[in-house]
Amino acid sequence: MAQYDVKICCMGAGYVGGPTMAVIAKMCPRIKVTVVDLSQKIIDAWNTGNKLPIYEPGLEEVVAVGLKRGNLVFSTKINESIAEADIVFISVNTPTKTAGIGAGRAANVKNCELCARTIAEVSTSDKIVVEKSTVPVRTSDAVRAVLEHGAKPGVKFQVLSNPEFLAEGTAVPDLETPSRVLLGGMQTPEGLKALETVVNVYANWVPRDKILTTNLWSSELSKLVANAMLAQRVSSVNSISALCEATGADISEISRACGTDPRIGPKFLQASVGFGGSCFQKDILNLVYLCESYGLRECAEYWNWVVQMNEYQKSRFSLNMVRSMFNTVTGKKIAIFGFAFKKDTGDTRETAAAFIARDLVEEQARVHVYDPQVSRESMFAEFKYTLNLSEETKPGLGELVVTSPDAYSAAQGAHAIAIATEWDEFKTLDYKKIYDSMAKPAFLFDGRNIVDAAALREIGFTVYSIGKPVGMK
Ligand SMILES: NC(=O)C1=CN([C@@H]2O[C@H](COP(=O)(O)OP(=O)(O)OC[C@H]3O[C@@H](n4cnc5c(N)ncnc54)[C@H](O)[C@@H]3O)[C@@H](O)[C@H]2O)C=CC1
Ligand SMILES: O=C(O)[C@H]1O[C@H](OP(=O)(O)OP(=O)(O)OC[C@H]2O[C@@H](n3ccc(=O)[nH]c3=O)[C@H](O)[C@@H]2O)[C@H](O)[C@@H](O)[C@@H]1O
């Protein structure tokens, strides 16, 4: 039997737990990594090695290394895996609360607490418990209290915070060459020793100067702030896109002109139909709630506007579609290109595309959606979860929303195309062929500014791009 230097157990085999642990296993042959989940279906999918539960470029190859070598295991044997581990990562979902105190804003840390209870219950040896989930600042206090109160005699726990900064679609490069790894711990001799143990895991492939250590609360809060600041840039640029449409300025030129200043930088200045994803909105609302809880009303309002601006951008997009199409889309076929919240992922959580589809369906349009990675099942799950939109709340939804096998059939006979996700394949479609197959006038609303609007206008399309007045290149 193989001998390992360290044994890791990760609770939660989702978008974060799966890729993060697969990379640790790949980079550290002397570490055994077991990823556990409550869902047998998810664990079975990871174990296939080639039909993974999530789509992420390059991930199959990374998972294959650990599975083949035997130091990466996916399992539902939660208790046994925790019991044999030296380090336990908690990487479970922390969604926005839907009921009770702070509903709609506060993060629900129920799953983290349950993990802590399980760890306390089954541990017969000391463990380092690492919060990888994104949590409100000071959640580690609660985790520590649960662990200490539930611990078997003589068993000691150290709690660390190690938030994850990977972005979906680029998870593998983000994990293999991270901008930084952040680790927070208690500034006590035991806390610092635990920090050093986990620093040593990452130091197998991450340069030491990129491994930042802080106190627990700074680490927890930095994660919320990083997401809030990234989302703030998108909302800022989106707010200016509305001003561009009104004045004749061009948002792409503005992003370039401002982003060239090294103090501002070029990234996250791409105007869009609105940001989506499971975390930006959730984490900002969590920050808003924290500010409110500490009586910091102005700070709460400030960050809340990042979310408000995003809502405005999404509704502005669908309103512009309806207005441009002579104030009615009733009975019209409309193609939506892309449903994932960004390219290179099949994740639909909080995707702007769902909001656009909802608004169009409310107007009784017939919406035909094509996305290379999103199944009809996930699309309808997202409608229900985020928008409470289902056959029960909107009879006939199943017929109004059609999932198409490709972009051409989605657009066939349609009055308009809305590009909601920036998949590369949408840049190189045969738009002449698409135009010829559409009802006229043929509209194209580019929610990602990825098509060559001038070339499409040459073909005959009426093109609307974000942050560019009609008729502009
Ligand atoms: N999705 C992303 O790109 C990122 C997410 N995060 C944060 O990481 C955390 C996890 O997010 P995702 O991986 O996206 O969530 P996810 O929903 O994809 O995965 C969470 C998994 O945890 C499992 N789980 C829940 N309770 C459990 C328990 N008691 N024992 C074992 N498994 C349990 C669920 O079955 C699920 O498979 C969240 O706090 C999120 O905010 C942080 C950075 C990036
Ligand atoms: O905590 C998380 O879950 C993660 O959230 C984001 O990652 P992710 O949501 O996967 O994707 P992003 O690339 O940040 O995009 C988020 C949304 O903003 C949109 N966006 C992004 C950049 C931009 O310039 N314009 C823009 O509209 C994207 O299309 C997408 O809908 C952060 O980038 C990660 O660092 C973080 O770990």
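Glycine too: its Cβ is placed from the backbone N, Cα and C atoms.
Now, the feature entries from TrEMBL:
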type	residues	note
BINDING	12-17, Asp37, 92-96, 133-134, Glu168, 279-282, Arg349	NAD(+) binding site
ACT_SITE	Cys279	active site, nucleophile
DOMAIN	335-453	domain 'UDP-glucose/GDP-mannose dehydrogenase C-terminal'
Check the domain 'UDP-glucose/GDP-mannose dehydrogenase C-terminal' (335-453) for me and report the mean pLDDT.
97
Which same-chain residues, if any, lie at least 6 apart from Asp37 (NAD(+) binding site) yet have Cβ under 8 Å of it:
Met11, Gly12, Ala13, Gly14, Gly17, Ile43, Phe74, Thr76
Can you list which of these binding-site residues (Tyr15, Asp37, Thr94, Ser133, Lys282) have a Cβ closer than 6 Å to ligand 2?
none
If I restrict to non-local contacts, at least six residues apart, and a C-beta distance under 8 angstroms, what lies near Cys279 (NAD(+) binding site) in its own chain?
Thr134, Asn227
When you measure from the Cβ of Thr94 (NAD(+) binding site), how many other Cβ atoms are you left with inside 10 Å?
25
Close in space, distant in sequence - Ser133 (NAD(+) binding site), Cβ under 8 Å, 6 or more apart:
Gly12, Val16, Ile90, Ser91, Val92, Asn93, Thr94, Val109, Asn111, Cys112
Determine the Cβ neighbour count for Lys282 (NAD(+) binding site): the number of other Cβ atoms within 10 Å of its Cβ.
23
Which ones in the same chain are close to Tyr15 (NAD(+) binding site), with CB under 8 Å and 6+ residues apart in sequence?
Ile54, Glu56, Glu168, Ala171, Ser278, Asp347
